[in-house]
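One structure below.
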Amino acid sequence: MEPATLTRSSSLTRFPYRRGLSTLRLARVNSFSILPPKTLLRQKPLRISASLNLPPRSIRLRAVEDHHHDHHHDDEQDHHNHHHHHHQHGCCSVELKAESKPQKMLFGFAKAIGWVRLANYLREHLHLCCSAAAMFLAAAVCPYLAPEPYIKSLQNAFMIVGFPLVGVSASLDALMDIAGGKVNIHVLMALAAFASVFMGNALEGGLLLAMFNLAHIAEEFFTSRSMVDVKELKESNPDSALLIEVHNGNVPNISDLSYKSVPVHSVEVGSYVLVGTGEIVPVDCEVYQGSATITIEHLTGEVKPLEAKAGDRVPGGARNLDGRMIVKATKAWNDSTLNKIVQLTEEAHSNKPKLQRWLDEFGENYSKVVVVLSLAIAFLGPFLFKWPFLSTAACRGSVYRALGLMVAASPCALAVAPLAYATAISSCARKGILLKGAQVLDALASCHTIAFDKTGTLTTGGLTCKAIEPIYGHQGGTNSSVITCCIPNCEKEALAVAAAMEKGTTHPIGRAVVDHSVGKDLPSIFVESFEYFPGRGLTATVNGVKTVAEESRLRKASLGSIEFITSLFKSEDESKQIKDAVNASSYGKDFVHAALSVDQKVTLIHLEDQPRPGVSGVIAELKSWARLRVMMLTGDHDSSAWRVANAVGITEVYCNLKPEDKLNHVKNIAREAGGGLIMVGEGINDAPALAAATVGIVLAQRASATAIAVADILLLRDNITGVPFCVAKSRQTTSLVKQNVALALTSIFLAALPSVLGFVPLWLTVLLHEGGTLLVCLNSVRGLNDPSWSWKQDIVHLINKLRSQEPTSSSSNSLSSAH
């Protein structure tokens, strides 16, 4: 089956980038945004760029010139490598515009004295941060382990060596933020740490910075876990392909080949590529020679290996398990399935949900409020609560308490609350489900109704032609004086015309007609021109149709629904006769019907479709566990629609719908029922309804490009079992996000209150604060697990699992007793 063309939705967020000759950019990790960096500037502004290497919080500052990105490179390989460089570091970094004059001056000064280079070095070596933390801990235990005369000297030595390891980069970060008018978590922590030093508590200040860095290293580890599937996909993307050299138009032969290794992005459509055992198919292609056993588990989650033989379509990224084959590229690297999956998943991570957008706006203002409150406590505390301004042996001072509030109230835990969205997106990608943004999960969780298209969605879409029946305008008889069209010839003529009109179509009815015509002795029909009417049918001018009395000539042919064909007849009496003939058909009403009209002769094409395996279970799950209102929206007639509906368990059916009717039904039902509506389809006829629905879901393997473009969720597997998974995952994600926000606020309160009251030291405040942040991260990672509808369902599944194991255990016991 041909892989889907994953078309980027026009609704996807685009990130503007300012242009300027002397624009200074500060690229660093922002705890309130997780966006992929993009370097799309056509000018060459000076900027500070970020490179995240081993330590997740290590941000490399350097002055570079932006890459001229207009795709006119002299060396394509260099361009390709440049892309991979940015992809490698793009999971959790964002470029912040830093155009203020103070920032430029500060950076120039820092660069001149080597501050930038030293900060880069310290950030890139994780062991230095760990060493600093170890030195601070050693200084803390010196009073208990070291001889008394050496305590002060050892503590000073540890502090002098350890503090610069964490303080150099922290001070540069904070000063750059302050110079740009930013007040964030880095500024708050740096202020608290250096204020502690000036107050004589250098040990606590050092511990604060060390624990902050280590905690955020752990935080970034959990954040990177959410992107692990995308990374694996990108790593499985081959860098090169074995391009077969074709000389003088000769057809390549698998037994005698001449090939060379070329960069994968240089493989053109129509090129021949050799794929051996263990290799990855570089681009979407068609097997030309040979055969192989392939797996696409990492693309769609489909575990079962597939056999690929000549003529089969294979998606880029498929792994060749066994065999050797020549494939012909059908798409370039940029348009191939694997690259599109990576693109869509990365864009889904970058399309921020409502909560994260709110946190982006809230974060900076919140940090400023924390600074104001801290200053108020520092200066008003001595007057209101009789605290000393600086700490004494008997009481912690107001400045110390203010620093504790500054640390405890930092919004780190709130900032990582949306991490649950990232884990959900990766979990869906692992199952072969692509979401066009985290906001889709919020929308999906709010839906109370789900509507399914019938043909190709609830059914296999593999329609089979059962009969061709002339019903109107055909003359029969043996009298030679009457212009006759004997029935066998009419059936052949009708099939030939219909197959010619539907050649190359993706519609299930059209595919069934074309498949039925293969291998049959049919007259040659040529389509001169045609016009398509979405959801109704098509008309064409055909050549090659002959009668007994005359040679072939151009004739008008129409193919589509009964209503479409009857609407083309001017006489109401003729339309009624055709409808009566359809109702009186000896084949009954349960089949799917298509009608063909050629010069007022109408032929009925009877087709049969079967429900997909497992669809009834999906519908039952959506009804009983998801509590969704389930309905069918189809363009088929009522008897065919109800036959499928009864088979799968749907009790609400709307049939004989044109695309505009489906669109209106979606709008009206969503408005009347309240809440959102999910539309599941795959054809171009479903595109308007998919676009109007709260969430549109398509089966990507057989969907039209239009349906894919407007859909919010793409199911890469060719079944709808992913629909209940999506609904359950959305509800799990919204629940996790709510839990994260509650945990974040609780951790802030529990760390801030005792700190302001003077019950805990500054280093313990940091520990409580960062502990809350790590707790939120750990809770978010739960989103990588499969969701469940409720704890009751978990218990039912556990009981069923135990019951299924009982016969096995009893039989094993009987065998052992027999021995």
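Glycine too: its Cβ is placed from the backbone N, Cα and C atoms.
Per Swiss-Prot, these features apply:
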{"type": "TRANSIT", "residues": "1-17", "note": "transit peptide"}
{"type": "TOPO_DOM", "residues": "18-122", "note": "topological domain 'Stromal'"}
{"type": "REGION", "residues": "66-87", "note": "region 'Disordered'"}
{"type": "COMPBIAS", "residues": "66-79", "note": "compositional bias 'Basic and acidic residues'"}
{"type": "TRANSMEM", "residues": "123-144", "note": "transmembrane segment"}
{"type": "TOPO_DOM", "residues": "145-153", "note": "topological domain 'Lumenal'"}
{"type": "TRANSMEM", "residues": "154-173", "note": "transmembrane segment"}
{"type": "TOPO_DOM", "residues": "174-180", "note": "topological domain 'Stromal'"}
{"type": "TRANSMEM", "residues": "181-201", "note": "transmembrane segment"}
{"type": "TRANSMEM", "residues": "203-223", "note": "transmembrane segment"}
{"type": "TOPO_DOM", "residues": "224-361", "note": "topological domain 'Stromal'"}
{"type": "TRANSMEM", "residues": "362-384", "note": "transmembrane segment"}
{"type": "TOPO_DOM", "residues": "385-398", "note": "topological domain 'Lumenal'"}
{"type": "TRANSMEM", "residues": "399-416", "note": "transmembrane segment"}
{"type": "TOPO_DOM", "residues": "417-737", "note": "topological domain 'Stromal'"}
{"type": "ACT_SITE", "residues": "Asp453", "note": "active site, 4-aspartylphosphate intermediate"}
{"type": "TRANSMEM", "residues": "738-757", "note": "transmembrane segment"}
{"type": "TOPO_DOM", "residues": "758-762", "note": "topological domain 'Lumenal'"}
{"type": "TRANSMEM", "residues": "763-781", "note": "transmembrane segment"}
{"type": "TOPO_DOM", "residues": "782-819", "note": "topological domain 'Stromal'"}
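Listed stretches 154-173, 181-201, 203-223, 738-757, 763-781 were compared with the transmembrane segment (399-416); the greatest number of C-beta pairs under 8 angstroms is found for 738-757. For the transmembrane segment (203-223), the neighbouring stretch richest in Cβ pairs under 8 Å, chosen from 123-144, 154-173, 362-384, is 123-144. Mean pLDDT for the topological domain 'Stromal' (417-737) in the predicted structure: 83.
Cβ-based neighbour count (10 Å, all protein chains) for Asp453 (active site, 4-aspartylphosphate intermediate) stands at 28. Each residue of the topological domain 'Stromal' (174-180) gets a DSSP state, and the totals for helix, strand and coil are 6 helix, 0 strand, 1 coil. For the topological domain 'Lumenal' (385-398), the residues of the chain that approach it from at least six positions outside its boundaries are 199, 201, 377-379, 758, judged by C-beta separation under 8 angstroms. In the three-state DSSP reading, Asp453 (active site, 4-aspartylphosphate intermediate) counts as coil. Only residues 6 or more beyond the boundaries of the topological domain 'Lumenal' (758-762), in the same chain, are considered here, and those with a CB under 8 A from a CB of the stretch are 192, 196, 201, 204-205, 207-208, 387, 395-396, 400-401, 403-404, 407, 768.
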